[in-house]
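*Asks:* First the structure, then my questions, so here it is.
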Amino acid sequence: MTTGEKIRDLRKRQGLSQEALAGQLGLSRQAVSRWENENILPETETVLRLSALFQVSTDYLLKEEVETPEACPDDVAPPRRSRRLLTGLWGLGAAGLLLVGGLLLRLLRPELCLGPDGEVLTAWSLAFWTKGELLPLTILLAAALFVGLWQTGRWYFTEYQPPDPAEGRNKNT
């Protein structure tokens, strides 16, 4: 079966006219007619909406060799990797801002950058960052850097695992 034939078959099974289907998708009746007559294929977003509406996989709609409509699994949650990546990037961004803040502090308050002998400490020396006034900034910088690298690394090295029906929740959350 072609994509158009599958759309027509699924539409008729649900008792929908071309106009009713088009209305549910926010498209014209002519668009549905063109799909069913194989003049054009629906756009990707529309295929996803058709898949959800008819509760079949996108593979079934698009591939001619898939002949049986498989229901879309409702219990499979998408991976939560993007939140981990975002947390990691926020941590790295915070570390970068704290580093820039320390460098600006060196420019604005040079007296904080003098060592015990009176020599000027560079921002790259450990003594600069562990000096009494800058110690809280150093701790925040280290914490933000640690969280950023840990979350980003955790995101990168964690593979998606589908939920275990026995547990009833997703392992990646």
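Placement of Cβ uses the backbone N, Cα and C atoms for every residue, glycine included.
From TrEMBL, for reference:
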- 7-61: domain 'HTH cro/C1-type' (DOMAIN)
- 89-108: transmembrane segment (TRANSMEM)
- 128-150: transmembrane segment (TRANSMEM)
*Asks:* Could you tell me how many residues in the domain 'HTH cro/C1-type' (7-61) are helical, how many are strand and how many are coil under DSSP?
*Replies:* 38 helix, 0 strand, 17 coil
*Asks:* Across the whole of the domain 'HTH cro/C1-type' (7-61), what does the mean pLDDT come to? Round it, please.
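*Replies:* Mean pLDDT for the domain 'HTH cro/C1-type' (7-61): 89.
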